[in-house]
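Student: Input: one structure, supplied below.
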Amino acid sequence: MGTALVQRGGCCLLCLSLLLLGCWAELGSGLEFPGAEGQWTRFPKWNACCESEMSFQLKTRSARGLVLYFDDEGFCDFLELILTRGGRLQLSFSIFCAEPATLLADTPVNDGAWHSVRIRRQFRNTTLYIDRAEAKWVEVKSKRRDMTVFSGLFVGGLPPELRAAALKLTLASVREREPFKGWIRDVRVNSSQALPVDGGEVKLDDEPPNSGGGSPCEAGEEGEGGVCLNGGVCSVVDDQAVCDCSRTGFRGKDCSQEDNNVEGLAHLMMGDQGKSKGKEEYIATFKGSEYFCYDLSQNPIQSSSDEITLSFKTLQRNGLMLHTGKSADYVNLALKNGAVSLVINLGSGAFEALVEPVNGKFNDNAWHDVKVTRNLRQHSGIGHAMVNKLHCSVTISVDGILTTTGYTQEDYTMLGSDDFFYVGGSPSTADLPGSPVSNNFMGCLKEVVYKNNDVRLELSRLAKQGDPKMKIHGVVAFKCENVATLDPITFETPESFISLPKWNAKKTGSISFDFRTTEPNGLILFSHGKPRHQKDAKHPQMIKVDFFAIEMLDGHLYLLLDMGSGTIKIKALQKKVNDGEWYHVDFQRDGRSGTISVNTLRTPYTAPGESEILDLDDELYLGGLPENKAGLVFPTEVWTALLNYGYVGCIRDLFIDGQSKDIRQMAEIQSTAGVKPSCSKETAKPCLSNPCKNNGMCRDGWNRYVCDCSGTGYLGRSCEREATVLSYDGSMFMKIQLPVVMHTEAEDVSLRFRSQRAYGILMATTSRDSADTLRLELDAGRVKLTVNLDCIRINCNSSKGPETLFAGYNLNDNEWHTVRVVRRGKSLKLTVDDQQAMTGQMAGDHTRLEFHNIETGIITERRYLSSVPSNFIGHLQSLTFNGMAYIDLCKNGDIDYCELNARFGFRNIIADPVTFKTKSSYVALATLQAYTSMHLFFQFKTTSLDGLILYNSGDGNDFIVVELVKGYLHYVFDLGNGANLIKGSSNKPLNDNQWHNVMISRDTSNLHTVKIDTKITTQITAGARNLDLKSDLYIGGVAKETYKSLPKLVHAKEGFQGCLASVDLNGRLPDLISDALFCNGQIERGCEGPSTTCQEDSCSNQGVCLQQWDGFSCDCSMTSFSGPLCNDPGTTYIFSKGGGQITYKWPPNDRPSTRADRLAIGFSTVQKEAVLVRVDSSSGLGDYLELHIHQGKIGVKFNVGTDDIAIEESNAIINDGKYHVVRFTRSGGNATLQVDSWPVIERYPAGNNDNERLAIARQRIPYRLGRVVDEWLLDKGRQLTIFNSQATIIIGGKEQGQPFQGQLSGLYYNGLKVLNMAAENDANIAIVGNVRLVGEVPSSMTTESTATAMQSEMSTSIMETTTTLATSTARRGKPPTKEPISQTTDDILVASAECPSDDEDIDPCEPSSGGLANPTRVGGREPYPGSAEVIRESSSTTGMVVGIVAAAALCILILLYAMYKYRNRDEGSYHVDESRNYISNSAQSNGAVVKEKQPSSAKSANKNKKNKDKEYYV
């Protein structure tokens, strides 16, 4: 016989009274599924994530049907068990959206017999057991091994609403399954009995148990009725059947005797809300401030068994319904968070019970019936005598179904009360003993009755009838009225808040409310008292206030309280409460003690000191604080107030001292922005739409997104507004002078900075009265955080001194960096950019930071500083201190306590510029302190190619030099192991009259770094690590006689002419004029630069304008003209009829080999055929270059080792008697030709790519093998690029049989002005034939002008680099310079500052990061700073190199002969580091080949340097 399940309240509720009373477990009852549409049963969620199992018994005759199902509510994971294929069980499941795994049992189970089914989950495996006969398993191929389960366990079918919502089902096909028809019983999860939660269209089928021992409440043998008659409710207490006849109108053990005297309570039966027969109901409405009070003082209660019954209807979650007793003898019945709470104490400790409904809460505005019974029972005690003891059995039931039974403690069994019976509330509910709530009831109470063996108190009736012992407080309506609900509100922004009236809680008080949020931080409640001043002989005057606060920090809830004797800070709950669920908070205090409870967990506290009075004089703020906080005093302990963390989330059911507060109405009255009268949690995550712009970091908040803009350079809710930039030049600052002194224990600081200096103050808090500071600064390229709390002044337990943290590295790179500081009491965290945070813990007990100012750029409050940090040069942006963006607040005028002279906007910073007017000007400063490490920074601007910028000598050989050489920066130093040189990397010479930034550093591991603008060069040196400097530091130059004694690697022969600025010497910013020990020459503040600058028409006839510091000069070399502005005629010769010839011969030891040539000449003639200029190589080599006229057109032929190459201007007829200028350039096999202003003719021979690769390869081929290799390449058809051993320049073409007749002017060839030399009777010039000089040598060719011209050539000509076979005449008397080869971190050999070269195969002189010439690159990609560039050769070039090696092997005998033949010639030696495959010899500008020594670390090699191998040139 089955009992149908009952529907109630719109939900399908199983009639689980029998189940919860033990029938499911003890009677062996099963669930009968009729196979009807809409049938379903839901069991509690089975967490089948990892390792778990569930089992049940099944009986059916059906071949198809859904047995069970659960999933993750529409995402990926599910498990389904169905009957299919002739009554066999089929199991399917999936994890992480993988292909579902399926297994089909072999044994049919639709035979009408009971079968045991067990499902075992083990990560990706699931096993199905049927009886003991079959076990099969299957594995899902999933990337994740854990299953996610959100839904309940559905058995027999799915609820209709779930079938209708396809998106909530992971497996859509489950909606189409037939419902199961049959019986299921004994559902277990992990061996524990599982009870159904709810269901529909399912019957509870009673079957006799398999074994004896029925329940005491079972029906009799005849099956008629039960133990309790007339509708009595049976419950089992101590294994005995107990009948509740109170609602039947009968009495007796089995409710069989009619009771004519006792009012029946049948109307309280489940589902029967009608009136009892002909009897009046006693109902009262309570609205939060009303209550009944029955005086028991005349007739005290003394009983061991009693009963309380009542009915209630409410929408509120919390409220006192009934209380009697005091101290340790009481009964308390209340509604707590929508559940019914019972607390009983008979003197030996409280018995607490909480009854919660299966679905929803009891505050559903429906009638619910409560019954509490207490009976004296014998209970077996375990002790020495094993005796039976008397205990009180307590049972509470709600709606006759939900029952909780327990025992009071020890031997106390009597309830005694001579106090009052409170109904619906009390004068101070929070102070009642054992009260779990602090507010009164709001709703309707009906038929409140207390009875025991001696007395029956119908409290509702007594109140209505006006019994003299019953007092009614407030206006009570004796009917059920709708009580206005306390609607929840939502604080949508951190700035929103509500002001509540002052809370008068001097001695006692209580506050309760519910909240829910997902945000980690927020001030929920705050109020403080009148400020009072405390004075002490040892302490300065301090302001103290009483205060009360409840706040959230990092997801935890804290209570803060100070009554004048010290602050307490209590964490109300160990778990975080920002999970989006509702939490009920109840705060109660009585004097110095009290409790704070969250949901059911209560935390007691006792305030320190003697004060018991909480004197709050200000309003009580809910959700946050007003923007204008001038009248508020923030205790340092309330971190959220000082951090400006307002609460964002929902609040409801606020009760203060038991009185409800309609906060929705208050918000409307106050017109509070950002407060919404409802509470809902949006399912969509706001950050999914990427609302944060400009790479802001998004965090999901409560129905909102929160953007972290600190690392973006933008501000605003969505990082949409560009933050203001402040520029600092070392003399600038911004100072925030706060209106009142601040005291904080927690700070959030963030800022962005950009600087090229390794030192400088970023931000600091300063105090006028103490050494307290929180300071951020750059220190050796790192961010340094200093927190100093002045313990001496306030006589606290002194700490070990300032706490410091360091983060970041090489932050002086002129890039934006973000710094974040978080301090919470003693805890420190420092983060730079996205690097790992550095954390620290402060020592001592003192955590309060005092400050009057927030300063940037310069610290002005210096009274308590032992050392003043260096001033800042750079840019600051987005400075935010505790939520205040001060830079933008200052700019916008939002605050009036801001003082600054830093400049708004991003500006190029040139700090304290100084001009060195002449090359003999310099200053001397105090010795540079760079013993263990060094950070130098300066800016310079010049037009000079060379000059000494910085020099400091020291003990022994120690020194440091920074200089310009040919427009490139050199850093030279000696730490004691020999001099080293690092050449700075730059794309072009730096003497371009533009500002350049230079950073030079050395760390403790001897890593040297040179950074010029954005290009970086690094080198590690071995050996000594200390730079021991002693003498003065010279800036701009030294005394004239000192240049001769400078170290050999120093090229400077004169000082620096130009501007220096932003000089930073290891964090010291010297004033180059004021701080100078002495000055020499003309030095002025500021930097005006040249008074005359290059213009488009500064130089005539296509002359090149060269900017000089005191003006400009013109490079006329390729114009054929002369003079300061290239508008004077060049040296001119007339070649008359019969012809003539001017011949220049290089000395035998000075014959250059060139990769690039430049030739220019002016002429006029009427000849159709003639040779103007011819350059020939040494006899037997066959290389030449010839400029000629053919059929009236100009052309050039040249040969550099293989075929003749010709280039001609075919469009211009030049034998017209007019003056023409021809310009020719060659680079390898490529050539250009231009006549006058005609377009440039270009010629690129085929196979040029191979030529470039050959040029790379030839750099690694010794000169002695060059000719052999060239011959081998000639056979292979390769085009060479070197014009070898140039011997003569022949002008006039007489020897070639095509003599020139006409005028030739201003001949220029690779730096030689041959016609000028002829006019000056140069010894290497021979003139024959009819040749006549026109006029005089141009006046511009003075010695000074020539030097200027040659300087111009060096600075602009990159294709006329030459190499001679021996030292030039000008340097012949001086030993060759010896320069070290130093290893950098990237295996770059740092050699000469000039062009590194092979002695034949020469590259144009271009700077590289290590001092080596970079091979020509294809494309525009720059090498990574500080690294050597790698050139990958093609397979054809690889084969070529193999051939080169083979050819070299065949030439050994030839080399031996060559060494003997040329042993008396001047030598140019070089050293190759075989392990690095880099060539390290360097060419001087005058053509000298420099001898070099081994690396300085190889001391033995230095000692034997005279025994090095020598190579000779063929």
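Placed from the backbone N, Cα and C atoms, the Cβ positions cover glycine too.
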Student: Per Swiss-Prot, which of Val1166, Val1171, Val1196, Val1200 sits in the Ca(2+) 3 site along with Asp1183, Ile1282, Asn1284?
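Tutor: Ca(2+) 3 site check in Swiss-Prot: besides Asp1183, Ile1282, Asn1284, the record includes Val1200 out of Val1166, Val1171, Val1196, Val1200.
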Student: Cys679 pairs with which of Cys650, Cys709, Cys719 in a disulfide, per Swiss-Prot?
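Tutor: It is Cys650, per the disulfide annotation in Swiss-Prot.
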Student: Can you tell which of Ser92, Ser397, Ser921, Ser1392 Swiss-Prot marks as O-linked glycosylation site?
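Tutor: Record annotation (Swiss-Prot, O-linked glycosylation site): Ser1392.
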Student: Of the candidates Asp769, Asp772, Asp813, which does Swiss-Prot annotate as part of the Ca(2+) 2 site that also includes Leu789, Arg848?
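Tutor: Site partner of Leu789, Arg848 for Ca(2+) 2, according to Swiss-Prot: Asp772.
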Student: Can you dig out which of the ranges 257-290, 1481-1514 Swiss-Prot describes as region 'Disordered'?
Tutor: 1481-1514
Student: On the 0 to 100 scale, where does the mean pLDDT of the domain 'Laminin G-like 1' (31-217) fall?
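Tutor: Over the domain 'Laminin G-like 1' (31-217), the predicted model scores a mean pLDDT of 88.
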Student: Would you say which of the disulfide-bonded residues Cys687, Cys1099 has the most Cβ atoms within 10 Å of its own Cβ?
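Tutor: Max Cβ neighbours within 10 Å, all protein chains included: Cys1099.
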Student: Sequence gap of 6 or more, Cβ distance under 8 Å: name the residues on the same chain that satisfy this around Cys1094 (disulfide bond), in order along the sequence.
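Tutor: Cys1094 (disulfide bond) has long-range Cβ partners Cys1105, Leu1106, Gln1107, Phe1112.
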Student: Just to confirm: which same-chain residues, 6+ apart in sequence, have a Cβ under 8 Å from the Cβ of Asp1183 (Ca(2+) 3 binding site)?
Tutor: Asp1176, Ser1177, Phe1198, Asn1199, Val1200, Gly1201, Phe1283, Asn1284, Ser1285, Gln1286
Student: List only the single closest residue to Cys480 (disulfide bond), chosen from the recorded positions Asp329, Cys709, Cys890, Cys1099 by CA-CA distance.
Tutor: Asp329
Student: Identify, among the disulfide-bonded residues Cys1087, Cys1116, Cys1126, the residue whose Cβ has the fewest other Cβ atoms within 10 Å in this structure.
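Tutor: Minimum Cβ neighbour count within 10 Å, taken over the disulfide-bonded residues Cys1087, Cys1116, Cys1126, occurs at Cys1087.
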Student: Within 10 Å of each Cβ, count the other Cβ atoms, then let me know which of the recorded positions Asn190, Cys245, Cys698, Cys709, Cys719 comes out lowest.
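Tutor: So among Asn190, Cys245, Cys698, Cys709, Cys719, the recorded positions given, the one with the fewest Cβ atoms within 10 Å is Asn190.
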Student: Which residues of the same chain, at least 6 positions away in sequence, have a Cβ lying under 8 Å from the Cβ of Cys898 (disulfide bond)?
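Tutor: The list for Cys898 (disulfide bond) reads Met734, Lys735, Ile736, Gln737, Tyr886, Leu889, Cys890, given in order along the sequence.
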Student: When you measure from the Cβ of Cys243 (disulfide bond), how many other Cβ atoms are you left with inside 10 Å?
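Tutor: Result for Cys243 (disulfide bond): 23 neighbouring Cβ atoms inside 10 Å.
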Student: Checking the contact step here: among the recorded positions Cys255, Cys679, Cys1087, Cys1116, Cys1126, Asn1230, which have a Cα within 10 Å of the Cα of Cys243 (disulfide bond)?
Tutor: Cys255
Student: Specify the nearest of the recorded positions Asp329, Leu346, Cys679, Cys719 to Asn1230 (N-linked glycosylation site), where nearness means the distance between Cα atoms.
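Tutor: Going through Asp329, Leu346, Cys679, Cys719 one by one, the closest to Asn1230 (N-linked glycosylation site) is Cys719.
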Student: Using Cys719 (disulfide bond) as the reference point, find which of the recorded positions Asn125, Cys245, Ile1282 has the shortest Cα-to-Cα distance to it.
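Tutor: Smallest Cα separation from Cys719 (disulfide bond) among Asn125, Cys245, Ile1282: Asn125.
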Student: Does anything in the same chain, at least 6 positions from Cys650 (disulfide bond), have a Cβ under 8 Å from its Cβ, and if so what?
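Tutor: Within the chain, Cys650 (disulfide bond) has Cβ neighbours under 8 Å at Pro488, Ile489, Thr490, Phe491, Asp514, Phe515, Arg516, Thr517, Cys679, Trp702.
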